[in-house]
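Since the structure comes first, as structure tokens, the remarks are kept for the end.
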Amino acid sequence: MDFDDERPQQQVTGVVIITLPPSDNPSFGKTITAFTLTNDVLPQSLTTQEPDQVLPTTRVVSSPPPSSQSPQLGFSFSGFFSENPRKLLGFLGVSLFALLLYSSCFSSTFVELKNSNDNDDDDKPESFIFPLYHKLGAADLELKLGRFVDVVDKENLVVSINGGAMETKMVNKLVAANSIVMDSSATILPVRGNVYPDGLYFTYMLLGNPQRRYFLDIDTGSDLTWIQCDAPCSSCAKGANPLYKPTKVNIVASGDSMCMEVQKNQKPQICETCQQCDYEIEYADRSSSLGVLAKDKLHLVTPNGSITNLDVVFGCAYDQQGILLNTLSKTDGILGLSKAKVSLPSQLASKGIINNVVGHCLATDVASGGYMFLGDDFVPNWGMSWVPMLGSPLIEFYHTQLVKINYGSSSLSLGAKDSDKARVVFDSGSSYTYFTKQSYAELVSSLSEVSELGFIQDASDPTLPVCWRAPFPIRTIMDVKKYFKTLTLQFGSKWWIISKKFHIPPEGYLIISKGGNACLGILDGSNVHDGSTFILGDISLRGQLVVYDNEKQKIGWGPSGCGKPSRFKSLPFFEG
């Protein structure tokens, strides 16, 4: 038959194959198989569609044609398992066990994030992502663990900023529960920062009307978020941005529920004329911040681009003391991320904006700070290690129980009051990690074995208490990593198999000083907090996605490169 050349030709995008039964055995029935074709299955020379033309994906609609092999040689999984149900169950069980075993051994490969299809539900709490930034030029050792404090019988001049007039009045500082400070002897917004030489990681927020940007240190060890403000300011650093300027309507009254929360541990006092809520925070590094509570619009951008504006309470800080002033040269304040009611995540959760979950991922790569998020949309469904939070009505830190610690294969004493267990605080506001006195001494003693490899302790290096000069030039931690061992913190149980372990490789406790030495970024914590608590600071939290789930009262971690977070569809039978 001749075809008309003028006739428009149609491109074949589908094929249907109908296989009829043999004439001598019609009981076989007929088989219908359908295929759709895409650009991928055509030779490149035959691909002529326009760039915006989309061909259907290739897929088999029905079962493939029957095998030409004889019944004696053919093998059918469905037939095999239908005749052997026990083998089917055994096969599924073995497959599931293998999958779980593989995921536990290679958890970084199987860190699955929750499905984002739930975004269609308007009533579902949102999640917000913040980028982290490097704190360039601030080489200070910071130890936050900020608490509201009260110094008995000490009067302090506090500025009254109500109405803009500069007045003074006498107030007492706020009481801190079990607060022991150091003795004299952490919208897709990234996080930036490093441990050395910069000190901390920070992010930014948009606040006020009109909105203005403020850089804030991320601090899981502090309750209140505060910003340096012009109240007027009696002791403020230059900061990264102009000082926040409150108005009369921004000032939180002393009878406000948030003020009562901040002052809940303050000694009873009557102040019928107070028009503002004063506070003072003292940090474990002996820095402090004094100010009043303010309320203004916080502008948050969801991952899908929508904007949420809501009122939040924060500190309007006009008097800072200590090394805090040095670090404020690059930032404007502190982002309080603890589980206290006054913290930012708790405020957002109380309004139904998010579920009360905080997560951060501090990158080890100095070119990338990492990210932080509020809400649970970016919490991995699996591939994480989880331990319960220790509950205390007086302590809002994120802490859990430690049962054992090893340097390589050598066990270190916990050095706590109860020798069988100790507490560990996860604190993104501290630059370095702190061990108890006894555990620190044993660690330094164990590390002295590097002297046999030619490392010499250099007391002339003031960077940190313990520094070693190597028998060769050091450029990065990778140059000396193989000479040091991994620290392992063990949680939950002393049985190694069923316990949860937090691994700290050499790059998680060493820094290279400006003098080219390898220095120990773990310090003696005998004069920090209560002296019997381990504190995991930024140096040891890097390269880990750390999640604080206040809804389920648990802390989790998993290895991560801390790049831009993304969502993956999890396996349906692992959905929580």
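Here the Cβ of each residue, glycine as well, is placed from N, Cα and C on the backbone.
For 201-558, the entry in TrEMBL reads domain 'Peptidase A1'. Annotation comment: TrEMBL describes ASP219, ASP427 as active site.
Around the Cβ of ASP219 (active site), the number of neighbouring Cβ atoms within 10 Å comes to 28.
ASP219 (active site) and ASP427 (active site) are 7 Å apart (CA-CA, integer value).
All chains included, 28 other C-beta atoms sit within 10 angstroms of the C-beta of ASP427 (active site).
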